[in-house]
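Structure first, then comments.
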Amino acid sequence: MTITPQQLIALLPLLIVGLTVVVVMLCIAWRRNHFINSTLTVIGINLALLSLWFVTQNGPMDVTPLMRVDGFSMFYTGLVLVASLATSTLAYAWLAGYPGNRDEFYLLVLIATMGGILLASANHLAALFLGIELISLPLFGMVGYAFRQKRSLEASIKYTLLSAAAASFLLFGMALVYAQTGQLSFTALGQTLNDTMLTQPVLLAGLGMMVVGLGFKLSLVPFHLWTPDVYQGAPVPVSTFLATASKIAIFAVVMRLFLYAPVTHSDTVRLVLAIIAFASMLFGNLMALSQSNIKRVLGYSSIAHLGYLLVGLIVVQAHTLALETVGVYLAGYLFASLGAFGVVSLMSSTYTGEDADSLYSYRGLFWHKPLLSSVLTVMMLSLAGIPMTLGFIGKFYVIALGVNSHLGWLTGAVVAGSAIGLFYYLRIMVSLYLSPPENLRRDMPSNWALTAGGVVVLISSLLVLLLGLYPQPLITLVQLAYPIL
């Protein structure tokens with residue numbers, strides 16, 4: 001097939017990130033310079049973000065049988081690129097004290113970003129699998145990048161082994177779906193699947209295995225066991241990427257699959273997803289109550305947040321509000337997570353020391369760093385879904401969608417989960433304003449707000465507050481980000 005200029009423009013973000021990978025690789029071969037390679041990475045991701053404007057002017061289209069570029073893919077590509085940009089920026093300070101080769105970290109981030117962009121545009125089960133592998137394989141290396149530290153190496157081994165098992169489930173599930181339908185394209189599956197076919201045991205087994213594989217990647221109960229350990233063991237910038245870019249990209253492709261293929265018309269699939277959502281909301285929040293490590297708290301809370309999002313996934317075919325709900329919620333979750341992990345990253349010393357991830361490290365922080373404490377407070381309020389933050393707008397959408405779709409018990413679980421969540425978010429906030437311990441030494445620089453990581457954290461907190469007070473620009477953007485049906 002011949003590729004037209006319009007198709008090349010549609011692929012611009014992917015091509016620019018791919019070109020950045022090549023440039024950074026050549027630069028490493030020529031001369032190792034941490035500052036130059038990190039700058040090239042940030043420039044490449046910014047150019048990819050700018051190229052989205054040209055893609056918008058180009059209009060929606062099917063670029064290849066595997067990829068469909070439309071408003072939906074552009075919105076989620078933008079979110080993935082923002083998460084990657086924040087990860088690269090936060091990683092610079094952490095890598096400054098790293099004794100080994102630092103530059104390869106940026107290559108891994110860029111390759112994983114390509115996987116995220118591919119997932120946002122995927123319109124085919126082959127593209128779904130390629131995208132998931134392209135985002136997962138670099139993450140194995142990123143999670144274990146601090147391999148001299150036992151916990152990082154342990155987290156990497158856990159994630160690699162469980163991820164390989166989940167990928168085999170996903171692939172076998174796809175094979176069963178293909179055996180029953182003879183189709184791999186999302187749109188073709190939508191035309192082929194009907195109510196009688198959705199009762200076939202082979203097809204249900206295939207869909208079940210796909211749910212297992214995707215549930216692992218999204219850390220949904222009961223496939224969540226790796227999440228707190230990996231979040232705690234991985235370097236903070238990697239935990240940031242894992243919690244944001246990876247989850248957003250995979251949820252976007254699952255939304256598109258469920259939107260095109262009428263999978264949720266099957267009562268069995270709906271019931272299974274509803275049980276997973278219910279368990280994720282309650283289990284994620286209840287387990288976070290007993291944690292004294294902030295990275296583990298954020299890990300368990302991410303399980304609960306993905307549980308809330310499943311409400312949108314269950315009714316995505318029946319309700320036009322579902323796409324809007326998921327878009328607003330994921331944007332709020334992205335900025336709140338970037339801010340929260342950003343504060344942990346700024347508080348942690350460079351590679352040489354331990355991450356400042358125990359709640360004890362944050363006790364009395366307000367009396368030393370009032371602005372940083374205020375930022376973390378805003379992020380916790382947003383994650384808890386308190387009014388005047390972007391997190392509240394997302395939570396409000398989820399509850400409204402649940403009520404409109406007559407999902408009474410799931411809506412009740414969202415409210416109950418949010419109430420439980422408020423307790424452990426408040427615990428973190430209260431510790432910031434207690435009297436500081438005498439013998440606690442903090443390594444962070446006094447001018448943190450002027451560092452690149454500080455700018456990321458401040459921008460995230462401003463967006464959480466401004467869009468929480470006036471969410472209309474985000475809602476308009478999400479309404480424009482509608483897939484071709």
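The backbone N, Cα and C atoms fix where each Cβ goes, and this holds for glycine too.
What Swiss-Prot records for this protein:
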type: TRANSMEM; residues: 8-28; note: transmembrane segment
type: TRANSMEM; residues: 35-55; note: transmembrane segment
type: TRANSMEM; residues: 75-95; note: transmembrane segment
type: TRANSMEM; residues: 105-125; note: transmembrane segment
type: TRANSMEM; residues: 127-147; note: transmembrane segment
type: TRANSMEM; residues: 159-179; note: transmembrane segment
type: TRANSMEM; residues: 203-223; note: transmembrane segment
type: TRANSMEM; residues: 271-291; note: transmembrane segment
type: TRANSMEM; residues: 303-323; note: transmembrane segment
type: TRANSMEM; residues: 326-346; note: transmembrane segment
type: TRANSMEM; residues: 406-426; note: transmembrane segment
type: TRANSMEM; residues: 449-469; note: transmembrane segment
Top Cβ-contact partner of the transmembrane segment (271-291) among 75-95, 127-147, 326-346, 406-426 (pairs under 8 Å): 406-426
The transmembrane segment (75-95) vs the transmembrane segment (326-346): 3 or more CB pairs under 8 Å: yes
Spatial neighbours of the transmembrane segment (8-28) far in sequence, C-beta under 8 Å, 6+ residues away: 36-37, 40-41, 43-45, 47-49, 51-52, 54-55, 58, 61, 63, 67, 69, 77, 81, 103-104, 106-107, 110-111, 113-114, 117-118, 121
